[in-house]
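K.L.:
The annotation domain 'Biopterin-dependent aromatic amino acid hydroxylase family profile' is assigned in TrEMBL to 1-295. As annotated by TrEMBL, Fe cation binding site applies to His137, His142, Glu183.
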Amino acid sequence: MAGPAADSPKHGLAAGDGAAPARADWTIDQDWAAYTPAQHATWKTLFERQTKLLPGRACDAFVQGMAALPIGADEIPDFRRLSDALMRRTGWQVVAVPGLVPDAVFFEHLANRRFPAGQFIRAPHQLDYLEEPDVFHDVFGHVPLLMHPAMADFIQAYGEGGLRAQRLGVLDMLARVYWYTVEFGLVRQADGLRIYGAGIASSATESRFCLDDPSPNRLGFDVARVMRTHYRIDDFQETYFVIDSLDALLDLARIDFAPLYAQTRGAEVMAPGEVGVGDRVVKRGTGAYHAARRG
Ligand code: HBI
Ligand code: FE
């Protein structure tokens, strides 16, 4: 497996470089008519590649959400049509942004059930790797699960919790929960482990790695454990956390994080590949992939 890995957006990057936003909430017009044939063709390449990989890998809710949305191979989806379908099902909308937006702006949108999606599409030489969330990651990766009521409520709660966590100075802890669920989560299905995280579902290489490679750990999800686990933004994850069903996200949306923050503040943060005594090991990884890259 050569070359750079995940094409997940790098949420750790500082947002807000470059030109000042025209609107205070950082939204822009999608300007769908301005996409070029070459840009639609990039979408098609990515769409077809992922669509071949995801049967037997993506969870049922992802497949069902995708099927119920106006998302197809031939063109970059129109956010207004996505919003119409989402609004009817779970009350969400998709709004266009230039790329990463400041944390507080991101949270404010999510708290109001607006999903900020990158308006741009990656360049042809970035098919496997890019730093900012583009329209393929955001729409193909995230939007199908916004059709699921548990994910719909969880992401809204994350937006509300994000604003609170910023005030408390514990955003790093909350961001790890988002990372290991919404971006890189696995779920147990009757027929085996499946992908629900958008960072995986939008990545050809990581959608194979997370399920097929012996290297990464797969551990049972535990919110306090995840809160004190570092993650990788530059490569595949060393550990994936497995929830028992998407409805586990509903429980997570409802719990009070304040006691968890208090408890986690003093605790040691674990390395991405570490396995601890209290962990529920679904499958212990060999660690071979990252060991080889460390040299
Ligand atoms: N902006 N557009 C966009 N998408 C994200 O996923 C995003 C963001 N800004 C901040 C951010 N994520 C994260 O740093 C927070 O979830 C903590
Ligand atoms: Fe994302």
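The backbone N, Cα and C atoms fix where each Cβ goes, glycine too.
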K.L.:
Which value does the mean pLDDT take for the domain 'Biopterin-dependent aromatic amino acid hydroxylase family profile' (1-295) in this predicted structure?
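P.N.:
93, rounded to a whole number.
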K.L.:
Note down the number of other Cβ atoms within 10 Å of the Cβ of His137 (Fe cation binding site), including every protein chain shown.
P.N.:
25
